[in-house]
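Peer 1: This structure is in structure tokens; I'll ask about it shortly.
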């Protein structure tokens with residue numbers, strides 16, 4: 001889902017790191033197997049999400065558009081980001097030597113794959129964070145201002161916001177290279193991913209530092225705002241639930257309360273927020289430790305790949321929390337059973 005917003009300083013004098021994932025042949029095989037399974041899980045889950053959203057009229061809503069945008073960002077991780085790591089690690093096992101481009105950063109070679117994969121990973125993470133924030137805003141309006149949701153939340157406005165989120169996210173992802181010649185991209189031997197790093201200099205210049213601080217500032221601001229808005233929405237839902245029995249007993253009809261589907265959707269977005277925050281927390285800890293001078297090689301591997309696994313969790317959350325999504329996905333995957341049911 002960055003997806004990365006952290007940086008690592010590359011020390012050219014150090015040998016390749018022996019991390020817990022790749023010190024032995026068995027660990028290397030397990031690591032590659034995990035990466036391959038992650039690719040298939042990410043592609044399968046997000047293709048199902050897109051098929052359900054595009055193929056079902058019920059999901060042709062602002063919320064559906066946002067979920068489709070989130071699925072596309074996660075798909076990009078499975079199509080571009082993880083396969084590069086698989087290629088590098090399989091090459092290392094077969095040839096018993098690393099690909100030449102992994103030994104240099106993007107400033108030292110004419111073409112470096114991380115020049116493409118790094119911004120894609122970072123940009124898709126920013127898109128995911130932004131989309132979850134927009135989903136939270138959309139659901140909070142439906143819960144807190146149910147009478148105004150149709151006027152505030154339109155598909156046209158949502159489409160514009162999705163476009164702006166993609167443009168802004170990828171602009172932020174490439175900004176370190178655009179605004180500083182001292183920042184490069186590298187295939188990091190600890191995280192086994194493309195990371196932002198220093199170029200050929202030995203000290204962190206203040207200008208580069210300020211530019212790279214945009215990443216955690218952006219992430220923490222949006223995630224913090226998302227959590228706060230979710231807390232407000234869920235608190236409002238709890239209040240509505242307390243009054244529901246009273247309204248039912250007195251048979252009072254009102255249109256000022258959110259619908260049951262709006263409440264369920266808000267809880268689903270809350271679960272998405274919790275899942276993404278939990279997967280992003282290790283990266284946040286790693287960033288703080290990196291700033292304090294700790295390399296934490298083993299921890300960086302787990303932090304980055306825990307975040308990467310978030311790309312295949314969304315479809316599971318939808319299936320568990322959203323009954324309509326679950327039924328549509330089941331019909332999509334079991335067409336023969338659907339035909340038999342129809343005939344019966």
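Glycine too: its Cβ is placed from the backbone N, Cα and C atoms.
Annotations in TrEMBL come from automatic prediction, not curation.
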Peer 1: Give the range, chosen from 116-137, 182-203, that TrEMBL lists as transmembrane segment.
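Peer 2: The range carrying the transmembrane segment annotation in TrEMBL is 116-137.
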Peer 1: In the same chain, which residue numbers or ranges, 6 or more beyond the ends of the transmembrane segment (158-179), come under 8 angstroms Cβ to Cβ?
Peer 2: 62, 65-66, 69, 106, 115, 118-120, 122-124, 126-127, 130-131, 134, 138, 185, 196, 208, 211-212, 214-215, 218
Peer 1: Out of 65-88, 116-137, 211-234, 299-320, what stretch is closest in contact terms to the transmembrane segment (29-53), meaning most Cβ pairs under 8 angstroms?
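Peer 2: The stretch with the most contacts is 65-88.
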Peer 1: Would you report the average pLDDT that the model assigns to the domain 'G-protein coupled receptors family 1 profile' (45-318)?
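Peer 2: Average per-residue pLDDT within the domain 'G-protein coupled receptors family 1 profile' (45-318): 84.
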